[in-house]
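Quick look at what Swiss-Prot lists:
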ACT_SITE  His546  active site, proton acceptor
ACT_SITE  Asn591  active site
BINDING   Gln449, His451  substrate binding site
MOD_RES   His167  tele-8alpha-FAD histidine
SIGNAL    1-28  signal peptide
Amino acid sequence: MSASSSDPFHSFAKTSFTSKAAKRATAHSLPPLPGPGDLPPGMNVEYDVAIVGSGPIGCTYARELVEAGFNVAMFEIGEIDSGLKIGSHKKNTVEYQKNIDKFVNVIQGQLMPVSVPVNTMVVDTLSPASWQASTFFVRNGANPEQDPLRNLSGQAVTRVVGGMSTHWTCATPRFEKLQRPLLVKNDSKADDAEWDRLYKKAESYFKTGTTQFAESIRHNLVLKKLQEEYKGVRDFQQIPLAATRQSPTFVEWSSAHTVFDLENRPNKDAPKQRFNLFPAVACTNVRRDNANSEIVGLDVRDLHGGKSITIKAKVYILTAGAVHNAQLLAASGFGQLGRPDPAKPLPSLLPYLGTHITEQTLVFCQTVMSTELINSVTADMTIVGKPGHPDYSVTYTPGNPNNKHPDWWNEKVKKHMMDHQEDPLPIPFEDPEPQVTTLFQATHPWHTQIHRDAFSYGAVQQSIDSRLIVDWRFFGRTEPKEENKLWFSDKITDAYNLRQPTFDFRFPGGREAEDMMTDMCVMSAKIGGFLPGSYPQFMEPGLVLHLGGTHRMGFDEKADKCCVDTDSRVFGFKNLFLGGCGNIPTAYAANPTLTAMSLAIKSCEYIKKNFEPSPNPVKHHN
């Protein structure tokens, strides 16, 4: 373990606490940020690959390139706060899996709003002795350049190691063809095959599956009812989820850690690999050469010690998210700073940076399961007597071909009804939640999540048993429009002293969002009545957190008005790559992470083909 006080585990190591957890912590102790004159043994300011951001996309690049022999450094503005598994999902604790509504507070605590208009409310009841402002306050992240009528008010970011994957839903559907960007021009079959190949690999990294909730009573109640109601019209299935069921009562949700464990290398498990993670480090500038054809350095600042240095690498990869990738590029001379002015000529470097941005519309409601559905749970049971009385019994006939439910279902119900005779519901307390979807299709061009999960909104009050609740979230697409922009101030900085992001966005008109709302209302009524306070509603713009198109992908920079090619390489620069949802140039309604990961895998294939890893000086002893 490093003796440097800048090591996040420094204070911890000085204590007398020597539990297994403490001993385990030493295995991934982090080196201090390397600077000239104080390099720890084996460290340098030069790497093969420098990655900005530690979410699933950054971890995809890290995994692919580290395993290919490259010496990789990863820089993350946030810190490690997800326990001993670096960048792991915070829902992987028994506490939150027993009470999902408690996890809402975790999400709310992690999210940081991107752009908040200045609060113009005046406090006119202050004491005359108190200092009073003559203009509006601009602290607490307020952005005086943000027009509240053109804001993505719900848009937020998560600044921790692992990014949003430390609290996401883990929904990883593939994009249907109408949502997908092209990777192969003029050959539909080849494009389909390429996407299938990339999706399969991405799904293996995330451990995506569709059977983790196959033995959930609530899941099957909702799924079977909707399949029955929409037979021959719509297809329903489990949401594709990046998760692994460990037991009937515990699911391990995937995250950045699942893709790549973020442990420094070499280590005993990977003695021939090279990787270092540097948390609490802000990347402030990517340095261009005089010819504007290559990146020659990455300026970073240690947020603890305040030291700034320049990192050298052969390849530079930005995976800090749709907002922060564009923010770093704008601060580095790409695109332009300041409010966009149509009268000015387009900038020479990445003229379409931050244009054509997209975000999904979101409608939401919650329903309480119908009496019909709850009564159907015990359809195969023979119930004698009253609960709490000596003669009370619940039985069924295993293997009876006339049973409406499988034996696993009936056994769970019988056991619960006998063990918990005080409970008016026949559904076991630890029955997994529903996770149902009807996927995007041309006739219904929206994505659906019919489930029970924690978001920054939608918690259930204590007076309602959450086993009865079903959440309905329908996500609509937005056509990319050049006038919908994300731009960065030339005057104001954010809390991290980086250029303040500002949105100039409005959802395009049309009937699609209203049709989606109608579809949700009709469908949800088949499951039950609305939960008071959670009636069907449109949610704040940006609350979906699926911002896309900030640095669009295409085949030709001018013709497609984009920033990167289909290998995610920035146009005009041979060694600068961008990863994440900001690359996706299409109107999409589904969760975009799996698609962004697939693009990162393709990008890694290009890097491995066009760059060589440096010789590995580490000596290995057998």
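Even glycines carry a Cβ here, placed using N, Cα and C.
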For the recorded positions Gln449, Asn591, the one whose C-beta sees the most other C-beta atoms within 10 angstroms: Asn591
The residue listed as 'tele-8alpha-FAD histidine': tally of other CB atoms within 10 A of its CB: 27
His546 (active site, proton acceptor) CB neighbourhood, other CB atoms within 10 A: 23
Candidate nearest the residue listed as 'active site, proton acceptor' in space, where candidates are the recorded positions His167, Gln449, His451, Asn591 and distance is Cα-Cα: Asn591
Number of Cβ atoms other than its own within 10 Å, given for His451 (substrate binding site): 23
Whole-number Å value for how far His451 (substrate binding site) lies from the residue listed as 'tele-8alpha-FAD histidine' (Cα to Cα): 16
Rounded Cα separation (Å) that holds between Gln449 (substrate binding site) and the residue listed as 'active site': 10
His451 (substrate binding site) and Asn591 (active site), distance between Cα atoms, whole Å: 15
